Amino acid sequence: ISPTPPASFTLWDYVVFTLMLVISAAVGLYYGFAKGGQHSSRDFLVGGRSMTAVPVALSLTASFMSAITVLATPVEVYCYGLSFILTCLSFIPMVWISSEIFLPIFYRLGITSTYEVSLLETLRNTSASNVTGLDLWGAVISTGVVCTFYCTLGGLKAVVWTDVFQVLIMLTGFLAVIIQSVLVQGGVSVIFSDAAQGGRINILDFDPNPLRRHTFWTILIGGTFVWTSTYGINQAQVQRYVSCKSLFHAKMSLYVNLVSLWAINLCSVFCGLCLYSVYKNCDPWTANKVSAQDQLMPYLVLDILRDHPGLPGLFVAAAYSGTLSTVSSSVNALATVTATDLISPYFSLSEQQLSWVSKGLNIFYGAMCIGMAGVASLMGGLLQAAISIVGTIGGPLLGLFTLGILFPFVNSKGGLAGLVTGLSVSFWVCIGSQIYRPLPESTRPLALETHGCNFTMAENVLQNWTYSTQTEHITSAQQHNTQDRPWLADSWYSLSYLYFCPVGTLVAIAVGLIVTYWRGKDAGSPLSHTVLFLH
């Protein structure tokens, strides 16, 4: 392994990072004042329903991707292998289901709120700032302020066009790492050869066992449900569909988005192979060069791009672009839900007044995001647990919307019973899996080596002591946990996390249908009316 990378940015890295923020803010200024600014709440919340397919498609990708994609997906490949690339296959049925089942309903209704939005991903990832030396609160506040600024001034149009810019930044950051890694390692063939020797080319695993963390079936089936709950009913995504000027453009935005999703995911997965090729003989995390695995990508960037001023800043800009796009999506969506569902029905406001209220809500939710990001920086591993919980919520909600759209005879009592039961079951398995972690037989992490590290004598003694202590602790903990684990721990609680969403969806649908038939179809109002009310 090369000497420890520099602990901080150079001047050019700060220039590149700042330029990304300035351009994002400039987009908000342009759409805030161009052609007289935002004349109505319709202009502000759904861009006047005048958007075209390509920018909306890139915005869909940007709001779906985040700093987690830039930093965590490569580490997933580094630790568990190439199987994660199969998510690209699960995007195909997701796009078809979303565009042909959910999208036409939402678009024809012209709704601006689906009463469902996920904000957890706005809690930004601090890994880049930890490794690069970028001031944590400086990054949090600058990102939050810029995001709130262009959301408030420019509305959805500003959000969409900054998303387009940020997707390009993410792709450029990935390509900088990929090109330099290929040059350093001596070619693409060397990287794939290293991955094969390290057992990372593990795509074709057709084991039907639902307890296995990642197989062809868990990723294809579980991924389809997870991504459909995001693209089919999520407020941040649906708000973009209905901003298109026609149903054709709305559908095309999803299919064009499929291509950009593939591009981003393929780049992030290949970055994981590059990461393994560079550190195959000396894992920085095991060697205590970084304090957490999600710091590996920033570490690699500073390691291989140290002689190219500005490029490390470009990669960090890519990570924060993912954060900006997700934060802006959530802020704009929350303002839309609040204005449409909680204020407009109860207060008589003109279009201009509602537009100003929406802008004020953007400022409020932007400030909330900054505060929540600061709290999240103190939560450590709890953030990942929170994101897992958000995934369990998406399944039952998808089941509820599916009941309302595909089974119009289901009544409101059946829908409510299905939703509550689905949430209960999905939270049960999610919390159980957090308490009783699946054993390595199910997760199958791959080996990480340190025999190629150039330790000093003191570091070698410390490394041997740390490894021995960790091994004893892990062995003791595994023996203790194995003895104390209930029978559900190695069956129900070891279910692949990708199946949490389909379990919640299917339980919600099944219970909704059973309760409707049990109580009678005429008991209670039709669920389809209730779902429309939620919009």
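Glycine is treated like the rest: Cβ placed from N, Cα and C.
Here TrEMBL flags 12-33, 53-72, 84-107, 136-156, 168-192, 214-233, 254-279, 361-379, 385-409, 416-436, 497-518 as transmembrane segment.
Remote same-chain partners of the transmembrane segment (214-233), defined as residues 6 or more beyond its termini with a Cβ less than 8 Å from a stretch Cβ, comprise 60, 64, 80, 83-84, 86-87, 89-91, 93-95, 97-98, 101-103, 114, 116, 118, 203-208, 254, 391, 394-395, 397-398, 401, 496-502, 505.
Between the transmembrane segment (53-72) and the transmembrane segment (254-279), the number of CB pairs under 8 angstroms, six or more residues apart, is three or more, so the stretches are in contact. Listed by sequence, the residues of this chain that lie at least six past the ends of the transmembrane segment (168-192) yet keep a Cβ under 8 A from its Cβ atoms are 20, 62, 65, 69-70, 201, 263-264, 267-268, 270-271, 273-275, 277-278, 297, 300-301, 304-305, 308, 311, 314-319, 321-322.
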